[in-house]
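S.K.: The region 'Disordered' annotation in TrEMBL covers 1-25. If you look up TrEMBL, you'll see 34-53, 59-80, 146-163, 175-195, 215-236, 248-275, 295-320, 341-363, 369-388, 400-424, 430-451 marked as transmembrane segment.
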Amino acid sequence: MKRTARNAGRNPTEDQIPGRTRRKNVETNTKKKIGLLGCIGTGIGAIIGSGIFGSLPTVINDIGTGIVLALLATIVYTLAKTIPNVYLSSVAPASGSFFIAPTKLIHPAVGVFMAAQNLLQPVLISVFAVLFGDYFVALFPALEGYKTLISIVILLIYTGIAWQGNHTFAFVNNIMVVVLMVAMGCYIFVGMPSIDTSRLTLGEIFNPGVKLTSFAAAVGVLASSLSGGSAVSQIADDVKNPNRNIPLALLLSPTIVAFIYIGMGIVTIGCMPAGELTTLSEVGKIFLPSGLLTFFIVGGPLFGVLTSMVPVIMLTCAQIQAAADNDLFPAFVGKKNKNGVSPVILCFVMLFSICCVATGSSFGVLMTVFSFVNALSDIALCLVPFFLKKKYPHACNHSTFKMAIGLVYALSAFAFVVAAYLAYAMISTLGMTVWLMILGAIVLFVIYILIRISYLKKHGRDLIAELKQPYEPWEARERECKAMDEGK
């Protein structure tokens with residue numbers, strides 16, 4: 001590595017060590033790995049909490065019976081946009097791949113953008129904390145005045161669990177997922193006989209009478225929720241046989257949840273009371289006995305929100321970790337504890353989330369902001385397969401996910417176009433104040449990156465040139481696959 005004359009002959013400081021070297025020096029917990037069932041459970045937990053218990057009431061208030069058609073459109077779009085991530089994970093899995101893949105395959109500028117949008121991920125974590133507070137006070141009305149405090153307390157508790165590492169975090173999460181699935185089954189099967197079929201005519205379902213932009217915004221919110229299972233692809237280093245287990249989890253998790261979504265959506269529309277819907281517990285009161293209602297609130301919405309927070313916290317920390325390992329942030333940011341977790345990154349994520357909760361913003365606004373940011377990141381990720389095949393042709397030949405490359409390209413292009421339109425639809429629903437806040441966050445991050453580049457340049461390093469260099473684990477996989485192809 002080229003160094004300035006002033007620094008020549010000296011031992012480099014920690015900030016001068018290239019990201020690829022520093023990653024080798026980071027202690028990680030490699031003894032415990034997450035298996036296929038753990039991956040699927042993590043994905044299901046992430047999807048359900050944000051999709052059904054949070055987004056469903058909000059979307060129903062906006063488009064009514066159009067929720068059924070919106071869910072069908074969401075399933076098609078979600079599976080299409082999942083293909084690029086499935087393809088990438090089967091060829092070249094990596095922790096923090098949402099940052100690494102755009103950076104190494106497309107251009108460092110795209111990776112920097114992904115790092116910037118990832119810093120807003122705590123907004124979604126705060127959404128889950130707000131939802132937890134809503135459902136908790138529904139169970140204990142006497143605590144109504146302490147809703148914000150309850151949301152903050154659960155974030156602090158999760159900070160302590162996350163400190164123990166991804167394997168422990170996933171284990172706790174999967175226990176709650178089992179309870180969650182039982183609670184949702186009670187909601188669907190007990191609620192079916194109480195459905196008012198006059199509310200579910202085909203005419204009202206397929207012609208709900210809403211504007212296209214409103215419908216698209218609803219699909220965007222639901223799609224953001226249904227895609228929560230992608231978090232498992234960001235912790236590849238903690239997964240057994242990631243080339244096989246991650247792609248399977250990415251496909252199976254949303255497929256399983258899609259059927260649950262439709263069942264709960266039908267029950268909610270067919271049984272919901274008049275007026276604006278706030279939580280699904282309002283609907284559950286109509287047909288669930290008091291004992292089952294209590295179990296549904298605890299095992300359903302409460303556990304659903306909690307299981308959603310786990311993968312998002314892991315995803316957010318993994319992406320910031322990847323950016324830190326590649327020197328977008330100072331070395332101390334990415335330093336891990338004995339459980340493979342960076343205390344600095346975890347504290348930043350959770351403190352940011354607590355600040356969002358403390359503002360008292362509504363679920364609808366927070367979720368729309370996150371969904372808009374998520375759609376922007378989807379635009380970038382949909383481009384990855386077009387570059388992956390070109391740079392790693394032999395590794396692609398040995399992908400565990402078998403699909404014609406032309407179909408992969410077609411689905412990626414379709415998802416790209418839809419993601420772009422959804423981003424437009426969602427930003428059009430936000431007020432000027434929110435626009436300016438998002439723009440301000442982007443400007444601040446650009447200023448930070450320019451300062452960071454200048455700082456490293458003074459120490460004889462070119463950050464952009466380093467980011468352009470290939471990711472060594474992918475290079476090793478390509479060499480291995482090339483040797484196999486040439487040996488045939």
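Every residue gets a Cβ built from N, Cα and C, even glycine.
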S.K.: Most CB pairs under 8 Å with the transmembrane segment (146-163): which of 34-53, 175-195, 248-275, 341-363, 430-451?
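M.R.: It is 341-363, which has the most Cβ pairs under 8 Å.
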S.K.: Between the transmembrane segment (59-80) and the transmembrane segment (215-236), are there three or more CB pairs that fall under 8 A, provided the residues in each pair are separated by 6 or more in sequence?
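M.R.: When sequence-distant Cβ pairs are counted, the transmembrane segment (59-80) touches the transmembrane segment (215-236), since at least 3 lie under 8 Å.
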S.K.: Per the 3+ Cβ pairs under 8 Å rule, pairs at least 6 apart in sequence, do the transmembrane segment (430-451) and the transmembrane segment (341-363) touch?
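M.R.: Per Cβ check, the transmembrane segment (430-451) does not touch the transmembrane segment (341-363).
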S.K.: Based on Cβ pairs under 8 Å, which of the stretches 34-53, 59-80, 175-195, 295-320, 369-388 lies most in contact with the transmembrane segment (248-275)?
M.R.: 34-53
S.K.: If we call contact 3 or more Cβ pairs under 8 Å (sequence gap 6 or more), are the transmembrane segment (59-80) and the transmembrane segment (400-424) touching?
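M.R.: Touching, yes - the transmembrane segment (59-80) and the transmembrane segment (400-424) meet the threshold of 3 or more Cβ pairs under 8 Å.
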S.K.: Near the transmembrane segment (295-320), which same-chain residues lie under 8 Å Cβ to Cβ, leaving out any that are not at least 6 residues past its ends?
M.R.: 42-50, 52-54, 95-96, 98-99, 114-115, 118-119, 121-122, 124-125, 128-129, 131-132, 135-136, 138-139, 154, 158, 162, 166, 169-170, 172-173, 176-177, 179-180, 182-184, 186-187, 228-232, 234-235, 279-281, 284, 288, 329, 333, 341-342, 345-346, 348-350
S.K.: Counting only residues 6 or more past its boundaries, what in the same chain has a CB within less than 8 Å of a CB in the transmembrane segment (400-424)?
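M.R.: For the transmembrane segment (400-424), the far contacts come to 77, 80-81, 83-84, 86-87, 89-91, 216-217, 219-220, 223, 243-244, 247, 371-372, 375-376, 378-379, 382-386, 389.
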S.K.: For the transmembrane segment (369-388), could you work out the same-chain residues 6 or more beyond its ends whose Cβ comes under 8 Å from its Cβ atoms?
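M.R.: For the transmembrane segment (369-388), the far contacts come to 81, 83-85, 87-88, 91-92, 98, 101-102, 105-106, 110, 113-114, 117-118, 120-121, 123-124, 127, 220-221, 223-224, 227, 396, 408-409, 412-413, 415-416, 419-420, 422-423, 426-427, 430, 434, 438.
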